[in-house]
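S.K.: Feature table excerpt (TrEMBL):
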COMPBIAS  529-539  compositional bias 'Basic and acidic residues'
COMPBIAS  544-565  compositional bias 'Acidic residues'
REGION    529-581  region 'Disordered'
REPEAT    355-388  repeat 'TPR'
REPEAT    491-524  repeat 'TPR'
Amino acid sequence: VLPPAPSRPLRPAGGSMSVVEHVREMAAAGLHSNVRLLSGLLLTMSGNNPELFSPSQKYQLLVYHADSLFHDKEYRNAVSKYTMALQQKKALSKTSKVRPSTGNAASTPQSQCLPSEIEVKYKMAECYTMLKQDKDAIAILDGIPSRQRTPKINMMLANLYKKAGQERSSVTSYKEVLRQCPLALDAILGLLSLSVKGAEVASMTINIIQSIPNLDWLSVWIKAYAFVHTGDNTRAINTICSLEKKSLLRDNVDLLGSLADLYFRAGDNKNSILKFEQAQMLDPYLIKGMDVYGYLLAREGRLEDVENLGCRLFNISDQHAEPWVVSGCHSFYSKRYSRALYLGAKAIQLNSNSVQALLLKGAALRNMGRVQEAIIHFREAIRLAPCRLDCYEGLIECYLASNSIREAMVMANNVYKTLGPNAQTLTLLATVCLEDPVTQEKAKTLLDKALTQRPDYIKAVVKKAELLSREQKYEDGIALLRNALANQSDCVLHRILGDFLVAVNEYQEAMDQYSIALSLDPNDQKSLEGLQKMEKEESPTDATQEEDVDDMEGSGEEGDLEGSDSEAAQWADQEQWFGMQ
């Protein structure tokens, strides 16, 4: 008697592999394009003759076909096939419960090699995250019983919960990851970012630290990043420096990147750039943190370096936000705000959690006069990075630009209370106080406190100089600026010193200061204007002595709202929100 037709593809005579087993082997070997072609043909055959393959074989074919689609980044199509596979698995489970075991030995190995239903659901969740359908991703993973969740499922759930603002569920999932894998450092960072105490997190790793040699640094590492996430930049820097100096962790790129970011947050741009350069030399393919590095270079007027950095990053990967942000910084500081806006939006499309991209787009919108839209972006940046002062600075600048001094004052006071009385928060509060004639004396007191803490803090020096200019105390201003420039060189400080020297008729030295400023930043328009004015005037006049030196608060990064935006029309069609509304 001839065997029935359906059994022939299952296991041909002579014990050779079935066609489904060949598909499985190709999938395991990574031959995705081959799997896609063959499984597609076999699924069509199955559709035309439902008896051709068993339910378990159909399930396997659907999963392998979906996997190949996932590899080709056809996520919506992959979700469709994974859904069909799960429906097939459900039907398979029902039939296996109804039918008693036939005692067929061949069915046992076949059932053992079926693709995991849990893995299928995880892949579906990955597809949903790529499609930016986070709610669907959470729903599919939530459907997996807690006991069956693998560490990677808990990790994905934790990240999704965190993004959705479900902090308690996120903490629970991160803790479950650590319970299963106590050295999951990113889960540790996740817990610290959700305000879980460093001591509590450390207690979850204490056993592993004591049982494995050369892991004594981990408790210090946790302590360092606990300081990072509470905004205590000084102690975070000191702790990471102590780690970085240990011979076993010297020249670690991640630690150097963290140090660079912390120096940036603390307003120490010089050391931040040095650490970024050090990390970049150790790893020429480094992408993380390069958006901040590019921003710092752009602020210093090193636009050629920014352009080179952007090109290098694009050669490494154009699927990360960082290269787009760096190119956007180049456009922004070249006063091409529409292009900067487009590049910032593209970066957000690639990574909606990119704080630097949100700040870039917000700044571009603000300088184009679209202040209310800019405010939305700065608020989102604050939500993602509540310890970063530059996010608050951007929002406060928007409030001041729209004459909402009361809102700016409330925000500045909140920042002062939240992040503590340091030179940066004192200066930010003073900046708002300077906008109201009633609070000028308070501004002076705040700036004096800031400069007592950090005499070299450039923003505080600039604001104090602005105040002295209003009071026409030019000699005091010159002394302040000379003192600040004793141990550092900054374009804005040299330019303001030039303005003060003009006010006291020291024209030759004023020209020298403008020249130094332009050597540091050839694109600084105010220094160029000052120098050109000096060159035109062969002898001092009364008009020169009365030259306006009030507008000194700019730090080179803002430009006029109307700008010189030659590319506005070209990029106007591409100014998209990318889900930021």
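All residue numbers here begin at 1 and follow the chain in the order shown.
From the backbone N, Cα and C atoms, a Cβ is placed for every residue, glycine too.
Predicted automatically and left uncurated, TrEMBL annotations should be read as such.
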S.K.: Mind checking how the compositional bias 'Basic and acidic residues' (529-539) divides into helix, strand and coil residues in DSSP?
M.R.: 8 helix, 0 strand, 3 coil
S.K.: Mean pLDDT, the repeat 'TPR' (355-388)?
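M.R.: Taking every residue of the repeat 'TPR' (355-388) together, the mean pLDDT is 94.
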S.K.: Sort the residues of the repeat 'TPR' (355-388) into helix, strand and coil with DSSP and give the three counts.
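M.R.: Counting residues by DSSP class gives 27 helix, 0 strand, 7 coil.
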